[in-house]
Amino acid sequence: MLGGQILHGGDYNPDQWLDCPEVLEEDVRLMKEANVNCVSLGIFAWAALEPEEGRYEFDWLEKIIDRLGEEGIQVVLATPSGAMPHWLTQKYPETMQVQADGKRNLPGKRHNFCYTSPVMREKIYQIDSALSERFGRKENVILWHLSNELGGNFADSSCHCELCQEAFRNWLKEKYGTLDNLNRAYWSTFWSHTYTDWSQLHSPAPHGETTMTALTLDWKRFVTYQMSDFVRTETAAVRTHSDLPVTTNFMYFFKGLDYGKMRDDLDIISWDNYPFWHKTKDEVPVAVRAAANHNIMRSLKKQPFLLMESTPSAVSWREFNPIKRPGMHMLSSMQAIAHGSDSVQYFQWRKGRGAYEKFHGAVVDHKNGSNTRTFRQVTELGERLRNISGLVDGTVNRPKAAMIFDWENWWALEDASGPRLDISYIDCILDHYQAFWEAGIDTDFLNMDDSLEGYAVVAAPLNYMYKPGYAEKVRRFVEGGGIYVTTYFSGIVDDTDLCFTGHHPLADVLGLEQEEIDAPSGDFPNAFRYGEKEYPAGSLRELIHASEETKVHSVYEEDYVKGEPVVTEHRYGKGAAWYIAAEPDMEFLRSFYGDRLKEAGVQNALGTDLPYGVTVAERMGSDGRSLVFVMNFRNEAVTVRGTGKWADAESEKTYDGSLMLGAFECLVLRK
Amino acid sequence: MLGGQILHGGDYNPDQWLDCPEVLEEDVRLMKEANVNCVSLGIFAWAALEPEEGRYEFDWLEKIIDRLGEEGIQVVLATPSGAMPHWLTQKYPETMQVQADGKRNLPGKRHNFCYTSPVMREKIYQIDSALSERFGRKENVILWHLSNELGGNFADSSCHCELCQEAFRNWLKEKYGTLDNLNRAYWSTFWSHTYTDWSQLHSPAPHGETTMTALTLDWKRFVTYQMSDFVRTETAAVRTHSDLPVTTNFMYFFKGLDYGKMRDDLDIISWDNYPFWHKTKDEVPVAVRAAANHNIMRSLKKQPFLLMESTPSAVSWREFNPIKRPGMHMLSSMQAIAHGSDSVQYFQWRKGRGAYEKFHGAVVDHKNGSNTRTFRQVTELGERLRNISGLVDGTVNRPKAAMIFDWENWWALEDASGPRLDISYIDCILDHYQAFWEAGIDTDFLNMDDSLEGYAVVAAPLNYMYKPGYAEKVRRFVEGGGIYVTTYFSGIVDDTDLCFTGHHPLADVLGLEQEEIDAPSGDFPNAFRYGEKEYPAGSLRELIHASEETKVHSVYEEDYVKGEPVVTEHRYGKGAAWYIAAEPDMEFLRSFYGDRLKEAGVQNALGTDLPYGVTVAERMGSDGRSLVFVMNFRNEAVTVRGTGKWADAESEKTYDGSLMLGAFECLVLRK
Amino acid sequence: MLGGQILHGGDYNPDQWLDCPEVLEEDVRLMKEANVNCVSLGIFAWAALEPEEGRYEFDWLEKIIDRLGEEGIQVVLATPSGAMPHWLTQKYPETMQVQADGKRNLPGKRHNFCYTSPVMREKIYQIDSALSERFGRKENVILWHLSNELGGNFADSSCHCELCQEAFRNWLKEKYGTLDNLNRAYWSTFWSHTYTDWSQLHSPAPHGETTMTALTLDWKRFVTYQMSDFVRTETAAVRTHSDLPVTTNFMYFFKGLDYGKMRDDLDIISWDNYPFWHKTKDEVPVAVRAAANHNIMRSLKKQPFLLMESTPSAVSWREFNPIKRPGMHMLSSMQAIAHGSDSVQYFQWRKGRGAYEKFHGAVVDHKNGSNTRTFRQVTELGERLRNISGLVDGTVNRPKAAMIFDWENWWALEDASGPRLDISYIDCILDHYQAFWEAGIDTDFLNMDDSLEGYAVVAAPLNYMYKPGYAEKVRRFVEGGGIYVTTYFSGIVDDTDLCFTGHHPLADVLGLEQEEIDAPSGDFPNAFRYGEKEYPAGSLRELIHASEETKVHSVYEEDYVKGEPVVTEHRYGKGAAWYIAAEPDMEFLRSFYGDRLKEAGVQNALGTDLPYGVTVAERMGSDGRSLVFVMNFRNEAVTVRGTGKWADAESEKTYDGSLMLGAFECLVLRK
C-alpha cells in the first residue's frame, strides 16, 4: 500500500496563495485537523515553477513539501504539462493544438498542447527532470502524478497539426506496411477513396473525411498511441533521478483515450470520480455507474488503484450541482475503498478565489475555515480511513464474473451508421452490470485482449467488434466450462471495422446465425417470455436462426418475427453460450443473470438476496480473510435478512441473521 | 420502355470485390435467382477506373459487363463524378469545394467537387468520353447515369470558391445587365447595400450577407444553373461515342437544386426513393409523401421515370431504421410502378464490408446468401414485375388535377423573415395533396412555368412568389373554366422577392385584397365553419377583404377578426377562384377538395369512396385501357365497396361490387 | 420637452423610394393623416448619402427635410454608421469586424464595422461633419440619432481584430498599471495562465481562453469603452456645426453594452421597445418586462426618454409574430408615456419592398394605404398624444423604491461556472420587480455606481458582484433608515470576479454569514413558511448562519437544512437589511415586498390594492400635480375599488371610489 496507509487529501495549489503566507500556514493546520495525510502538488504549476524559459523556481515548492513533511503529510508530485505557460505558447506556437477543423488554438484553457511537438516534449522533459533531480528522493514524496486528466481539453482530445498528421502516417505505415493492405482494411474502394500515396492520409475532419470508419478508428488508436508516447517521455524524465512509481489520473467513462492500452506504462492506476449523486431520488443508477468505473480501474492492472480526485461537496460544471446529502460523502468514499481504492483524494483542498473552478467543491471554502459541514464530513471520513488502513490488504480479490468492456469496440460501435444512430455502449454495459451489482456480485471489466481464465461467467453485450484471437479465446473459455453471454449486434466486424462474411465468428459456440437486425419505432412493440414472465423486446431486435442443438428459451411474441428465437442457450464443451437477440429491460436482466449466476454457483458474500439499493463488495483483508463492505445507497434505513453471523470490522459489534443499515450507510464486516 | 421491360436490379459495386472473383461469380448467379435484369455500374468507381491520372483501367468493367450480358442482364453505366480519387484532390486541390464559411474542404466523403473548376470538368470529360468510347455501344448498356445524387454533399450543395464567385457574377451580369437593375431588384438601399461594382457581389455566407433575400435566391438559382452546366459537360462527354439516353438520379424533396430547371438536360428522369415506412403505425403520411415525390418526377417530363434507388429492407442513416414489414417491399415498389416508374432498382445489390454504408439494406447481405427474407421478397417482386412488364404502356396518363410545386417559391418562402420562421412549404403541399390522394385522384405537380392546360382543378397553396406571366396564366385558366385554389400568404412577391404593391396580382380573379397576416400563439385559437362543421384556423391567419361579387363561405368565429372571411369563392369567366385565408387542418381539406372535385366532375378510377389508407392510381395499359392500381397502406385487410366490375390484370380473378385487399396489398385491375 | 410636444412618428427611409416621387408625396399626406409630427431620417442611408468615397449627395435629403418642414413635421437626423456601403468595405476591408473565432467578416448585414479602425472613424467623422454642416441648424431638425442599435450585429457585439486587441491591451495597461496587478486580479496562477508580457493578452475566443472569468469581464468592459469612444467620435463630428442634442437608440435588455457607462456621452436616452405581446393569454409578464425596460431607460439619466422604435402591428423576426390585438397598440404606447417617454416612434413608417425586414410591421403597408386597422390605430393614438402633450412636464417623478440592476453583475454572474449554469439574472430581476409592478409602485433601476439617496426600499437580488464602495453605500443607506433586500448568491465576488474571503462584505449589515449553496434537482423539493403560508424553496438554496440579533422569519422545512434560516431581518442603524436565502416564487415575493412597502410607508397613487393585470404609474404633470396612468393589461374589463376621487385628465369625466377599465384600457387621472 503506497505510503503505508489509505491516502486522504487531495489537490493542493499553494502556488495560488504564495503571497498569503498566513493562508499556507493555516492550510497545514487545517489539514491536520481534517485528518489529511497526503496532498498532490504542482498540478498546473508550470508558470510558477518556470516563470520564464529555463529559469526554474522550485524553492517555494520545496519549502511547502518540507513543511508538509514536518507534519507527516505525504506528497504526490505532479508534472506540470496539464497547462502551458504563456511564454511557451508565445515563443513556440507550434506547441498548441490544432483542432479537427484545421485551426490552431490560441493560448488558454488547459491541455492545449500538441503531444507530438518536439519542442513541447523537450520543454516538459527538461522541467520534469529538474523536478526529479530536486524532489525525486524527498522522503515524503511518494508518487509521480504525470500531467492531469490527459485528453481533457474542451475538444476532441486530439491534435490535428501537421506534425501529428505526419506521425499518424508513420504509425499507419508501421501498422499496414503497404497501401494495398491499408486500402483493403479500409474498404477504401467505397466512394473511390483508394489511397495511392501515404501523404493522402489525413485525420478525420468535419470538412474532410468522416465516413471511412476504419480511418476514424485508427485515428483514435493513434491518439492513444501518441499520448502514451508523450507519457513515456514524461516517465523517462521523472525517472532520471527518481525511482518513485508513476501514475496519471484517468477519467470517468472517458472515450478519448484507450486506458486499456495505457495501463502498461503506469505503475499505479489512479482516476477521478465525479458521480452525479442526487440527480434523482433513485441513487442506484449513479452508484452502479461509479461502481463500474471503480471496477474498470481495478481491472486494468488487477491491483488496488488510487481515487485521485473526488469532490467533498459539489462540482460546479454540471447544469445543476447538488451538494452531497449527509452520509453520501462517507458512502461514496467507502464505495471507492470497497472496490479497490487505496485512497480518497479530493479536488480540491481549498477553493481558489478566481477563474473557472472557484465554485468547485473543496475541503476549505472561501469562508468559515473548518467550521463547515463539508469540513466536518471530511474530517470524520479521514478518521475512519485511518482506522481502516490496517484492515485492508494491498491486493485485490479476483471475482468470478467479468464483463467485456473495450474502448475500440466503443469507438467502432458508436461510429457505425445504422441500425440506430443513438446506440450507447455505456448505457448497455451499465444495464447488464447493474444485474450483477444488485446481486452483490463483483465483476471485472476486461478488454478483449485480456485473459478469460478464472472466471465462471463472462458477459459481452453489444460486442460489435471481434479483435483477432478473441473468438478463439471465448471458444476455449466456454469449452472449459465457462458461461458466456452475448447479445444482438455482436460479432459483426473485425478490428478494422470490416464486416464478417460467411458465418458469425462464434457461430459454432453460440449455435446460431444472425440474419437481420430491426430498429423499429416505439409504435411497434414486441415481447418475449422468459421463465414465468413476459418482457418487452426493446429498440433493437435481431432475427437469428438457432441450430438444432441450440435450446431456445424465448421467442418473439408479436409481429413478423413471431416465434423466432430471442434467448438461446448452446452447450459447448463443458460450458454454455447464451445469446440475447433483442434489447432487454432491466427486469429481464435481473432474472436472467440471477439464473446464470446460480448455474455457475456464484454467490455474494452475504449469501442472501439484497434489497434494492443495497450491494456488497469484498476486499482482501490484511488478515487474509475477506472484508465485506455492505452499502446502502438508499436515503432510508433498510434491513438485509438471511445474512448469517458477522463481526463488524471497525467495532466490537456483531450481527446475527440480519443487518440493519441506516440511510446511506456502509458497514465493513468480517466473518 | 427502356430496355423493353420493367427494370429490376440496382447499384452494383463489383469494384469493391475485384479480389474476390468467387463473389463476382456468385453475384451473377444470385441476380438470376432474384429475377434481376438490370444493374447500375461504375457509380463512385473513379479510383478503380483511373487509378492514376490518365491511366484508365476498364478491363475489369468490360469483363463484368460482358458476363452480365451473357446472362441477359442490362447495364446502366454511371460516370464516376460522384466521388473523387485521391490523386485528383491531391494534385488539384482547387477541384474541391469551398464551404460557405470560406474554408476549402479536405478530401473525403462524396460530392466534394467544384462544379465550376475547369480542371474538374476536364478530368471528368476525359474519363467520360473514354467510357463512352469503350462502352457506349455495348449491346447490354442501355443508359448513362451521370454522377450520383448531385448536390448530396453533406453540406449546402454548393461551392463558394473564387471560381464560383466569378461565375456567379457573370451569371448576374447576364441576368441584370446593369447594376442599377440589380440594385432595384435586390432593394439594396435597405441597410445601404447598394452595389457599385460587380466585384462586390459574393455568395451568401454566415460571416457575410444573409439578409438580402434576393441575393440568396439568385445564388440558389445560380447553383442549379452551374450544376446543370456541369451536367451538360458530362452529357457532351458521354455523347462523344454514344447515343444512349442520359439520366441523373434525383432525390426525395431535395431543396438544393431546382429539378424543374434541370429536366430539359436529361432524356429520362430517375430518382431515389427512401420513404420512412413504419415510422408510426399510420403509414398514410409516408405513403402520401412518396406518392407526391413519384408524381413530381413523373410531372417533370410527363413521361414514365425510373426508380433508380430504393432499399429492399432498411436504410442505415436515420436515427432508427426499421426493416420493411412483410408486404411493404412489394407495396412500396408497386406504388412506384403505379405512379409511373418503369423500374424498381435498389441501393444496393450487395452490402460492402466496410465504411459508411455497410449496414445499408441490400439484396445480398454479409451472410446467408439467398437464404434471407429480403432476398426472397426481392425475388418475388422481380417475378411480378416481369409479368407486369407487358401490361403497361410507355406513356403516362394525364390527370385532371394539379398542384403548383415550385422550387423558387420554396426557397423564397422559407427564407422570409416573418410572419413565422417555421413555415414548411413541403408540409403544406403534402397536407393539400393528401386530400387528393385519399380521394384516389392522381395529381400532377407543376412549376409556375408549366402550362395549366388540360387540368380541371389546380391547387396552389402557399404560392408566395408569382413568377412573371404566372398571374396571366392563372387568369386564363380560370377564365376558361378551371377551378383554382390558393391560400393565405400567396401572391406576395415577384421573382426577385420584391413585394407587390397596389393590388394582389390576382385581385380581380380572386375577388379580394389581403390586409394583414397574423401568426398568433397557440393560446389564441380561432375557428371557421365550412359546410356543417367547424374547423380550427391554424397558426397563420390572414385578414382579407372580399369584393362584393365574392361569395364568402366561411368567416372567423372568434377574436378581433370575427366575421371576416376565411373561405371565399369568386366566379371568374367560366371558372372559379377559391381562397383559404387561414391555415386549415386535414379534415377541412378533405371536405373542401371533395367538394371542388365533385364540382369539377373529377372522380377516381373505382368511382367510389375509398377507406382510409387505400388509394388508387392509373397508368396507361399497353392495350390502350387504363390499368388501375389499388393499394392498401394499412397493415390489415380492408374492403372497398361500390366498385363495379373489374378484372385482375395479373390473374384470372374478377371482382364485382367490392374489393377485398390484404394487409399492404396492391391489386392491378382492368375494366 | 424636445420639439415642444410628445413626438409621434418613426423611422422613415425615403432613400428606398427615391425613384418613386409619388410615394414620397403620398408619405407626407399620410403622415399628416396619421398625426405624425416627427420622423427619423438617414438611418442606414450611407450608400445614398455618399454613393462613392468623398462624393456626398445630400440634396435628396434636404428636399425631404424641407418638404417635411413645410408640413410641420420634425426630423431626428441619423448618422449613417449602422451599415456600411460596399465601396467602403471593398477599399478598406480592415473596417469590417473580426469575429471571436478570428475570421474577418465579409460585407453584409449591419453593424459590421470595427469601432477601433482609424479608417472607419475617419470616414464616419467626415460624413457626420458634412451632415452637421448641411443640416445641423435646420429649423425642423431637432436631434442627432447616432448610428442605430449599436452592437446589434448578429454576433457578439464586438470586434476581435488586431487593432482591437492592441487597444484592449492599452486599456488593460491603463487599468492595471502592472502585469502583477493584472495577474493578481485575474487569479491567473489557476491553470498556469500568468501573463509575463502584455502582448500575451487576447480577447476571449472559442479556440483560446474562455475560462479566465476576469478577462472575459474586462473584455466586455473594454467593448463598451471602445464603443463609447466611437460614439464620442461621432458626437464630435455632428457638433462641428450644430449644437443639437445627441442620442443613440438602445435595445431591450441588451447584454452586449453597459448602458450605464454610456449614458454620460448622450444628451437624451432613447430606446427601441419590442415586447412579445400575446405570447400567451397572460400579458402581465410581458408588461412587466416592458415596464422594467422603460424604467431602466428613465433611471439612466433620471429624465424623460424617447421611445425611438416600436411596431405599430407585429415584428417579423420572432418564431411567430402575432399582430397586436385591438387596444394593445394604444395601451403599449401609453405605457411608454406613463413610464417617462416623451415619444412614441415606430420602426417603420412604410414597409420596404425587399430584403430582410420587408414584413416587419409599419404604419403604411405594401397595400391599402391608410385603409388598414394599423393605420387607424396609429392615427387614433397620434391624436391622443397630441392632446396629452400639454399635460405632462419635462421632468420625471422620483420613486421611493429602487432595484439594483447592473450590467457588470449580469456579465459576471452568468459567466460563472456553478452553482447552476442556467442562472438568469434578468428572470430573477423581473420576478422581484413584478412584485412592485403589481403593487403599483414605481421603481428606479440603479447601477451599483448610483446613489441610493432618497429611496425607502432598495432590492438587490442576485447581487453576485460588489463593486468597490458599494458595500459602504448600502451600509450608509440602511444606517440612515433604508430597507435593503438581497438574496442568495449575493456579495460573492469583487469587481474582478475574485471571491471575497473571511466575511461577506455586508456581514455586519445583514447579520449573517453564508456557508454553502445547493443547486438540487427537482426531485428534492424544500419549502419555508412566511406569514401564514408555505412557499417552495426553488432551485438555489443557501445555507446561512444568522447572528444572534438577526431575526429569522422563515426556515427550511425539509431535508438536511431543516430549521436553517431562509428569510432573515437584521436591524442596522435606523433601517433593516433583509436576506432571502433560497430562490422564492412569485407568490412569496408579492407577500414579502407587500410587507416591506407597508413598513416603509410606500403606497401606490390610487392608495388601494390593484387587481391582477392592473398597474399604475405616475408622471409629473405640467401643472405640478401628479398625473396617474392606470393601465389594464387584461383583455377584459376590470374594476379597481377603493380609489377615492379622481378626475379624468383627458376628459370631463370624474370617478368616485372605483374605476372601471375596459380591456387593454389606460386612463390618465388627476386628483
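Each Cβ is built from the backbone N, Cα and C atoms, and glycine gets one as well.
Since this is a predicted model, take the numbers as computed values, not measurements.
Sequence annotations record features per position, and here TrEMBL assigns domain 'Glycoside hydrolase family 42 N-terminal' to C:11-387. Per TrEMBL, substrate binding site is recorded for C:R110, C:N148, C:W317. Positions annotated as Zn(2+) binding site by TrEMBL: C:C114, C:C159, C:C161, C:C164. Per TrEMBL, active site, proton donor is recorded for C:E149. Feature annotation from TrEMBL assigns active site, nucleophile to C:E309. Under the heading domain 'Beta-galactosidase trimerisation', TrEMBL lists C:400-602.
Among the listed active-site residues, namely C:E149, C:E309, the Cβ with the most fellow Cβ atoms inside 10 Å is that of C:E309.
Averaged across the domain 'Beta-galactosidase trimerisation' (C:400-602), the predicted model reaches a pLDDT of 98. The Cβ of C:C159 (Zn(2+) binding site) lies under 8 Å from the Cβ of C:Q97, C:V98, C:F113, C:C114, C:Y115, C:T116, each on the same chain and at least six residues away in sequence. Residues C:R110, C:N148, C:W317, recorded as contacting substrate, have a largest CA-CA distance of 18 Å. Those same-chain residues not listed among C:C114, C:C159, C:C161, C:C164 yet with C-beta within 8 angstroms of the centroid of the Zn(2+) site C-beta atoms are C:Q97, C:V98, C:Y115, C:T116, C:S117, C:S158, C:H160, C:E162, C:L163. Cβ neighbours within 10 Å of C:W317 (substrate binding site), excluding its own Cβ and spanning all shown chains: 13. For chain B, the nearby recorded positions by a Cβ gap under 8 A, listed in sequence order, are C:R110, drawn from C:R110, C:E149, C:E309. Cα-Cα distance from C:C164 (Zn(2+) binding site) to C:N148 (substrate binding site): 21 Å (rounded to the nearest whole number). Of all Cβ atoms in the shown protein chains, 22 besides its own fall within 10 Å of the Cβ of C:R110 (substrate binding site). Comparing the Cα of C:C161 (Zn(2+) binding site) with the Cα of every entry in C:R110, C:N148, C:E149, C:E309, these being the recorded positions, the smallest distance points to C:R110.
Local packing around the binding-site residues C:C114, C:C161, C:C164 was summarised as the count of other Cβ atoms within 10 Å of each Cβ; on this measure the leading residue is C:C114. The secondary structure of the residue listed as 'active site, nucleophile', as reduced to three states from DSSP, is extended strand. Here the C-alpha separation of C:W317 (substrate binding site) and C:E309 (active site, nucleophile) works out to 15 Å. Over all protein chains present, the Cβ of C:N148 (substrate binding site) has 26 other Cβ atoms lying within 10 Å. Looking at C:N148 (substrate binding site) and the residue listed as 'active site, nucleophile', their Cα atoms lie 11 Å from each other. Annotation note: C:N148 (substrate binding site) sits in a coil segment as assigned by DSSP.
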